[in-house]
There are 2 protein chains.
Amino acid sequence: MTNSSSSTSRENLVHKVNFSNPRSFSTTVKSDLKETFFPDDPFRQFKNEPSAYRKAKKTVQYFLPVFEWLPQYSFKLFRYDLLAGITIACLAVPQGISYAKLANLPPILGLYSSFIPPLVYAIFGSSKDIAVGTIASASVLLGSIIEQAVSPKDNPTLYLHLVFTATFFTGVFQFALGFFRLGILVDFLSHSTIVGFMSGAATIICLQQLKGMFGLTHFTSKTDVISVLRSVFSQTHHWRWQSALAGVCFLVFLLATKHVKKKKPSLYWVSALAPMVTVVIGCLVAYFAHADKHGIQIVGHLKKGINPSSIQFLNFDPEYLPYTIKAGIMTGFLALAEGIAIARSFATMKHNQIDGNKEMVAFGMMNLVGSFTSCYLTTGPFSKTAVNYSAGCKTAMSNVVMAVCMMLTLLFIAPAFGYTPLVTLSAIIMAAMLGLIEYEEAYHIYKVDKYDFCICMSAYLGVIFLSMDVGLMISIGLSIIRALLCVARPPISNLGNVANSAMYRDIEQYPSVEKVPGVLILQLGSPIYFANCTYVRERISRWMDHEQSISESKSADIEHIILDMGGVSAIDITGIGMLTEVLKSIERKGINVLIANPKMEVMEKLMLSKLVDTIGKDSIFLSINDAVEACRFTLRSSKKGVDSKVETSDVIV
Amino acid sequence: MTNSSSSTSRENLVHKVNFSNPRSFSTTVKSDLKETFFPDDPFRQFKNEPSAYRKAKKTVQYFLPVFEWLPQYSFKLFRYDLLAGITIACLAVPQGISYAKLANLPPILGLYSSFIPPLVYAIFGSSKDIAVGTIASASVLLGSIIEQAVSPKDNPTLYLHLVFTATFFTGVFQFALGFFRLGILVDFLSHSTIVGFMSGAATIICLQQLKGMFGLTHFTSKTDVISVLRSVFSQTHHWRWQSALAGVCFLVFLLATKHVKKKKPSLYWVSALAPMVTVVIGCLVAYFAHADKHGIQIVGHLKKGINPSSIQFLNFDPEYLPYTIKAGIMTGFLALAEGIAIARSFATMKHNQIDGNKEMVAFGMMNLVGSFTSCYLTTGPFSKTAVNYSAGCKTAMSNVVMAVCMMLTLLFIAPAFGYTPLVTLSAIIMAAMLGLIEYEEAYHIYKVDKYDFCICMSAYLGVIFLSMDVGLMISIGLSIIRALLCVARPPISNLGNVANSAMYRDIEQYPSVEKVPGVLILQLGSPIYFANCTYVRERISRWMDHEQSISESKSADIEHIILDMGGVSAIDITGIGMLTEVLKSIERKGINVLIANPKMEVMEKLMLSKLVDTIGKDSIFLSINDAVEACRFTLRSSKKGVDSKVETSDVIV
């Protein structure tokens, strides 16, 4: 067989590999940056606009979504939003007071936080369903971090100022994340982490409510389950049966309304109004029965009037900065994750899209302005948003309605809520939190993915036994280790031919496939990076040993190795170095190496590093089948003994 | 077209997807653990041993490689090892003294460190080429960290004890890494990081030698380039021309011998012996010319005798623990990375394999024993190992020969080396370090991979402008971020049909491929994880928008989307949730979703999560081509208008 005929045999292969020049550096960088920071291509809607005016209008609408929906707003839509707004306002009062207590803050702050932030969100926010408010888990987390700096009992004013400062940092952090399009960071909070953390927080918060239920006055400031339970059960002589009785009644009532909603979703308003009803009943009883003289504590004096300015209270004392910054970033991160996840789920239900980075800017603005106006951390809490959605909200106007209701409350009837018994608030919190312990979801995770279950449980156990921030960080750390492990240990499988086809599949997955005699086909997993180079090398050599130990009995040596690179999405310089070494060491054993279907990014690197020239363009094929055909050709000819050596080196190497 | 005929059309597909039950939990865990911790399957060699005696023997040989080579050791091999051992001993004396000075340690410690550790390595080490010794970069790093705790000038004894303690922690850390098979951690030091760090360290060390070159007595203890240069040039009035002249002569001599070696590799011994020659000449000149009286500093008194015990000096005072542990772990990590990388490269040249985890145990033992016997951090330095290899070493016996030479030196002629002028040492270090600034490699990295170049430069600039540990950590951090980014942004490409084949390839890479009308084929990159769920969702929706905007002009709507999962190596619970949502939202638009070629791990998760039932087993195909055929079938029939709706839902959904 001569040189010319062997080269003809190559030309017979119809399918050619694309060896054109690599893309320029600027093209690849541009495309990489775009995929990293603008994966949703937010400006694609402007590109096709013809006039500059319309472009400008679209841009303003992009940054201030209020201009998108307000011009087309009609009375018909308002009727829906009005109803939804009033409903969530009824939820906002008791939730606001309760969650402020969770963060050891004056209850009035919870009401303030439901007035200004919803207005800000209505201007900047793009979600139509989110109802703005405070959330329990972030409130506790915020409190537990700031408490490390200053005790809310010894120095309540300083504590309050530090909370404003933390909220300020939350705003800056959230705004910066959105502005610099770092929404990618929030993606690192996995579903399992959130389930575990939320369930853990709910468990702890429930147990903490035993304080209010039993009417205790002294309580631990720690958030781990052991301290909390010890605090409850070491004070049995302080338990007050009046308080406990009232608490149980309220709790049963609230849980019953939740049950009603579950059975008949159209009766959502029963459970939405229930907390308000509880509070009103509680207030009335407390007022007329002078409950505070019978051992039932009440919220206490609530000042009339809307939010005072708090900008002058922001405290940047270096002594407290580590705490305020830590609290700001951690709670901000958590609030973002919850808010965006919720906005996304509800948007999906209405077939809309949510731009995560835009939402971050809106949340950031909300908390920035909030920190200037005596509010603390707000986001889009699940419970309120679900009620808003069920009540039929159409636009962010429902938040405006809620804000107006809150303003009226603050201006006229706030002091009346001062009679709310603490036990009522505890019952409200407990009822809300019991629904957040997602044991069913945890079981589902357990069934599908054991490692995800570990991540989930590490968050849960970390939160209840250590502390909220430590639990969250352990779980995020484990998630990242998992992601890194999956980069470090890509699957490398041995392929065989599916009968009567040009397909090659994993032998383990499809035991019926047939190995090609004399050819070892390995599918490399993706991507090949410094972190997995050693592994890939070891795994290839292990497959070769394995194959040789089998073939010893069958006396059919490996003559060719085909590396299927179709699944390798990227390769770095360490990876290329490893590949060069592996190829050399395999060829030294007298085995030919063929490469099938390298992707664009990989091919570019192979060409830039001149590895293509080392392997030879003749050894790179568009598909495994083409490569196998080429192998068969040389196998056949070498068996015939027709000048096999020259031929092999010519066709393959 | 009736139900039966459509089901027949499905049966015509010869290639069936494997829907058999997922592997059991224990099987997957076992396989995952094996791939993570035992990727090289170290025990495969024992499995086929028949007798228990041979198994036991193999096991002992596995843990103590000395029993593998010593029984077959012959005088013929010894001749080679003797020569190599004497050569590296000649290098060990000047290098030992110089590098100990780099770590601000008494020079005698460098000699001690070339006596005991090589003996330990000869027993536990599996590499035949490594020559044990101290390395410059780790010496400086060790010194710079311990200096933060205590000044070597003010309290040299405590400083020395802390160095022993750090070495102890290095040993424990390295041993533990190897014992728990965590070699995977060392894989996270990428080639680019090592190139950048080594070059940066070499640059700094070179500049620091200006102190010795100019005969300065006061010098900064900082390691950044600005402090070092300021220290040199602020003392121009203290520069001594005698010292500088001698230094330049020595340096030119040493570089000339390096040049000779480069031109004629067989003359390797010229450059290997050159440092020893320099030292001897330096000593003689200093002794006879009373150089110390002419402004040329000498090493000073070196005590006769072998290593004293230092086990009683280990200092576990909590005040210093943070520093000793940090120094121990960081230098240990660096020493491992260099040692193992070097052992691997030389083993590859001799076509051997090196077990990284076993090497770690050996290095750990070496440093543990070293910390008990007045040695500091040792590893397999590149220069010495290269000389050992060139000198023709055959086994670890060359280390034993070197150790014996060092013992003789310590016992009899150590004090003579006390006359070594410091400028000689500076010249030796400079000559060694100049070869380690790998600008050519950096340029190669720049050409092939710009991001790797950033990682490399961040290590380099971080080391020279900040400090060695910070530079190293920044670079490792960037490498990990890169690995995470590549998990967070997997490529998702649009495929088209390669003419006259059943192959489908990326449209961007192969512009000649043809799109299948009405069908959008997307190839998902791997793996689908919490970190990239949002991205994958956005990218799929962007491809759909893109396709729709094109098809508007051509009036051919998308009716089917085929998701090629062949490249998806793993999926987690968040990924499955995302996929479920995406499928629902696509189907809500009246578009069918088909899945092609899910891999085993993915298929298991799809089945466990019941997603297979949601999609329908009929919509999962073994190859893209099968899926396209199924699409064509329904497209054709819907064009014929024959009861298309029923048929579509029957065949596809």
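Glycine residues also receive a Cβ, built from the backbone N, Cα and C atoms like all the rest.
Heads up, TrEMBL stuff is auto-annotated, nobody curated it.
Features as listed in TrEMBL:
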TRANSMEM  A:77-97  transmembrane segment
TRANSMEM  A:103-123  transmembrane segment
TRANSMEM  A:130-146  transmembrane segment
TRANSMEM  A:158-180  transmembrane segment
TRANSMEM  A:192-210  transmembrane segment
TRANSMEM  A:239-256  transmembrane segment
TRANSMEM  A:268-289  transmembrane segment
TRANSMEM  A:323-343  transmembrane segment
TRANSMEM  A:396-416  transmembrane segment
TRANSMEM  A:422-439  transmembrane segment
TRANSMEM  A:460-485  transmembrane segment
DOMAIN    A:509-631  domain 'STAS'
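Proximity of the transmembrane segment (A:77-97) to the transmembrane segment (A:158-180) is not established, fewer than 3 Cβ-Cβ distances being under 8 Å for residue pairs spaced 6 or more apart. Contact between the transmembrane segment (A:460-485) and the transmembrane segment (A:192-210) is supported by 3 or more Cβ pairs under 8 Å, counting only residues 6 or more apart in sequence. Note: the stretches the transmembrane segment (A:103-123) and the transmembrane segment (A:396-416) are in contact (3+ CB pairs below 8 A, sequence gap of 6 or more). Long-range Cβ contacts of the transmembrane segment (A:396-416) within its own chain (Cβ-Cβ under 8 Å, at least 6 residues beyond either end) map to 65-66, 69, 73, 77-78, 80-82, 84-86, 88-89, 92-93, 108, 111-112, 114-116, 118-119, 121-122, 125, 127-128, 130-132, 283, 301-307, 388. When the stretches A:158-180, A:192-210, A:239-256, A:268-289 are ranked by Cβ pairs under 8 Å to the transmembrane segment (A:130-146), first place goes to A:192-210. By number of Cβ pairs under 8 Å, the transmembrane segment (A:192-210) is matched best by A:422-439 from the list A:158-180, A:239-256, A:268-289, A:422-439. Non-local neighbours of the transmembrane segment (A:239-256) in the same chain are 212-216, 271, 274-275, 278, 282, 285, 294-297, 421, 423-424, 426-428, 430-431, 434; each lies 6+ residues outside the stretch with a CB under 8 Å from one of its CB atoms. Predicted-model confidence for the domain 'STAS' (A:509-631) is 85, expressed as mean pLDDT. Across the domain 'STAS' (A:509-631), DSSP classifies residues as 63 helix, 21 strand, 39 coil.
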